[in-house]
Amino acid sequence: MGGFTKEAKKGYIEVAFNGSLASILLDTQFSVPAKGVTAIFGPPGCGKTTLARCIAGVQRLPNGFCAIDGEIWQDETTFRPPHLRRVAYVFQLPILSSHLSVRRTLLYNASNSEPTLIDFDGVVELLGLAPLLERTPSHLSKTERQRLALGSALLGQPRLLLLDDPLIVRDRSAKCEILPFLERILQSLALPMIYISHDITDIERLADHLVMMKDGTVTAAGPLNVTQSDPALASRSEAAICLDTMVGGYDGRYGLVKLRLKSARFLIPAVPLRPGARLRLRIAAGDVSIACEPPRASSILNVFRARITASLPHGDAEVTLVLTLETGHSGVPLLARITRRSFDALRLSIGAEVFAEELCGKLGDDGMR
């Protein structure tokens, strides 16, 4: 993480912690925009939760720095306690008062802060809590309890929403139930979120920025699609790149949505979508093939000029190529997984200009961002 400087920058989340807590040795530094979702990803036990607790001020490392949107929470001379950081920290298993109804729980949390971000009625509407207001936690499902915990956290009028693996115990159907509410929070409130998870599928759906951890160390940090091309993720069997595109139109004759990304254009089979809507496209490495010349006649609709920036072995028979699409002033990353035989037969090398043929990217569960 060379080049990191400990300064509070407006519009950024600045974090640097070094030291040991509860047998976890942290060596973490990253800087990400203080907007959207920053996911912290890594295997269980790598220090994600310890890092989250340091950011929230629940645990303290003497050698630490934390600043949010230009406001210093911890440095050599400052340590702001948790109640002064205005962090909404939602745990894996929500802690709720068993004797209070949903209504009374929300009103209790609303009474402690002026509604600068959202008020009681706004939370009830945003999280669909109206039918649950007279119930107690024992009469709520796990996802309903999670929604109540989110609502209570938001009524604290936080500067930062910190979610520590909130979907870790959920099956896929339960995750699909709660994820849209997280997306509604993101779309409705100007509130940065740090999302702790070891499930890359959830991260691909939610995150704008990604911080990767291993053995207590931050190994990479940056925009999601850039960090997805890091060897640690690009080498995974399910490697993919997520691209945030804009709907540019619809081909009604063939049922194809037209998507724009800088100067690139994608055609994707889908129902009509509102022009101008933002849409996340997931392109798996295995869905991209490589050609050295532009195809003259092909069933592949999406073909782009690209340059090979890295090649990573994948088992004995395959190679993962890290590509940069030529889409204007700055390139867009893409991954392609091909056989070693094809790599050698095409005489590919780092820096080679090629044509990336994308079979058909997939939209997220709901597609919209």
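Cβ coordinates come from backbone N, Cα and C, glycine included.
Of all Cβ atoms in the protein chains displayed, 24 besides its own lie within 10 Å of the Cβ of GLY47 (ATP binding site). The secondary structure of GLY47 (ATP binding site), as reduced to three states from DSSP, is coil rather than helix or strand. Residues annotated as ATP binding site in Swiss-Prot: GLY42, PRO43, PRO44, GLY45, CYS46, GLY47, LYS48, THR49.
The feature domain 'ABC transporter' is assigned by Swiss-Prot to 10-240.
Taken from Swiss-Prot, the feature domain 'Mop' covers 297-367.
Residues of the domain 'Mop' (297-367) grouped by DSSP class, helix first, strand second and coil last, total 6 helix, 41 strand, 24 coil. Ranking the binding-site residues GLY42, PRO43, CYS46, THR49 by how many other Cβ atoms lie within 10 angstroms of each Cβ puts PRO43 at the bottom.
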